[in-house]
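Record features (Swiss-Prot):
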BINDING   Gly79, 82-83, Ser87, 89-92, 107-115, Ser119  5-phospho-alpha-D-ribose 1-diphosphate binding site
BINDING   Gly79, Asn110  anthranilate 1 binding site
BINDING   Ser91, Glu225  Mg(2+) 1 binding site
BINDING   Arg165  anthranilate 2 binding site
BINDING   Asp224, Glu225  Mg(2+) 2 binding site
Amino acid sequence: MEILLQKVYDQENLSKEEMTMIATEIFEGRLSKTKIAAFLMALKVKGETAEEMAGIAQAMQQVAIQVAFPAGTAMDNCGTGGDKSNSFNISTTSAFVLAAAGIPVAKHGNRSISSRSGSADVCQELGIDINMRPEDMTYLLEKVGIAFLFAPHVHPNMKYVMDVRKELGTPTIFNLIGPLTNPVHLETQLMGIYRRDLLEQTAEVLGQLGRKRAVVLNGAGFMDEASLAGENHYALYENGEVHLYTLRPEDVGLTSYPLEAITGGDAKENAAILRSVLDGEPGAYLDTVLLNAGFGLFANGKVATVQEGVDLARDLIRSGLAKQKLADLITYQKEVLAK
């Protein structure tokens, strides 16, 4: 093990198998916090390869608590975080729009690592229980079409790195591979990433992990979401191939806004923003969700273009269907908890 760690310290790439070996040591609690921190920072400085990302993602999935759901029907739209944008919870809001379109959404997420409010924080503020049993998550996916999968709950072995990640206060490979490790077997996925240089590589990794279709995007301002502030870069994985594209908000009939227009706050403030969007309140928050939900619908294959996705997302919010998904999730969750 020391030899493998030294390879990373010496800026040498690891094979997929070597990374799996180190990850297994971490997830079984056999590496000290000091060594984990040194490893993560050395890997960050060196730069993570597709082989390394796939290796650690597979190791995480092997020790995850599995959530049963028909293979190939659910999707996720969580991002890596770590973009330092301090935006509101865009992907969490968009998830209710995707669910309203009839797409089962297994929303994988965590508490805040490098922002004021993570998806788990805002979900709790909305009244969503983030510690449901796996069978309850399955029930909600079947009955409502959306369930929140709290990362530390479904990945209990991540307890060995949580304190280290929080103390480092900077994105690591775990930000990159977190969205790759959903315990539900996904067929499609939208994944935002804070590093534009890893778009193609990450799309390839999603293919290696069994996705049939996926979009990996990096927004203007290097956000891990699609942004109204300028040009968005994204990679589309389909049929074993990756193609790179760009898209500006004007391309799909949306107005440009500066990044400051979508600044969020703490969990309470972000929950209020989420509700305002689902209520259809016009402005930068709504348009940002329309763009991101549009990308999600496109990634799923529900629509043929992002433009069609934006139009459908607008209809789903105007009709009240997206807002109803939030209400249904809370209602059926109470039913589960009452058993």
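Numbering starts at 1 and runs along the chain as displayed.
Glycine residues also receive a Cβ, built from the backbone N, Cα and C atoms like all the rest.
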- Item | Integer Cα-Cα distance in angstrom, Ser91 (5-phospho-alpha-D-ribose 1-diphosphate binding site) to Asp224 (Mg(2+) 2 binding site) | 10
- Message: What does the structure give for the C-alpha distance between His108 (5-phospho-alpha-D-ribose 1-diphosphate binding site) and Arg165 (anthranilate 2 binding site)? Integer Å is fine.
- Response: 18
- Item | Conformational class of His108 (5-phospho-alpha-D-ribose 1-diphosphate binding site) under the three-state DSSP mapping | strand
- Among Gly79, Ser87, Asn110, Arg111, Arg165, which are recorded as binding-site residues, the nearest neighbour of Glu225 (Mg(2+) 1 binding site) by Cα: Gly79
- Query: Can you tell me how far the Cα of Arg111 (5-phospho-alpha-D-ribose 1-diphosphate binding site) sits from the Cα of Arg165 (anthranilate 2 binding site), in Å?
  - Reply: 12
- Message: Fewest other C-beta atoms within 10 angstroms of its own C-beta: which of the binding-site residues His108, Arg111 fits that?
- Response: Arg111
- Cα-nearest neighbour of Gly79 (5-phospho-alpha-D-ribose 1-diphosphate binding site) within the listed binding-site residues, Asn110, Arg165, Asp224: Asp224
- So of all those binding-site residues, Ser87, Arg165, Asp224, which one's Cα sits nearest to Asn110 (anthranilate 1 binding site)? Arg165
- Task: For Asp224 (Mg(2+) 2 binding site), just count the other CB atoms lying within 10 A of its CB, please.
- Result: 28
- Item | Conformational class of Glu225 (Mg(2+) 1 binding site) under the three-state DSSP mapping | coil
- Could you state the whole-number distance in Å separating the C-alpha atoms of Asp224 (Mg(2+) 2 binding site) and Ser87 (5-phospho-alpha-D-ribose 1-diphosphate binding site)? 10
- Note on the structure: Neighbouring CB atoms within 10 angstroms of the CB of Gly79 (5-phospho-alpha-D-ribose 1-diphosphate binding site), all protein chains considered, total 27
- Query: If you count the C-beta atoms lying within 10 Å of each candidate's C-beta, which of the binding-site residues Ser91, Asn110 ends up with the smallest number?
  - Reply: Asn110
- Message: Sequence gap of 6 or more, Cβ distance under 8 Å: name the residues on the same chain that satisfy this around Ser87 (5-phospho-alpha-D-ribose 1-diphosphate binding site), in order along the sequence.
- Response: Met223, Glu225, Leu259, Ile262, Thr263, Gly264, Thr288
- Within 10 Å of the Cβ of the residue listed as 'anthranilate 2 binding site', how many other Cβ atoms can be counted across all chains shown? 20
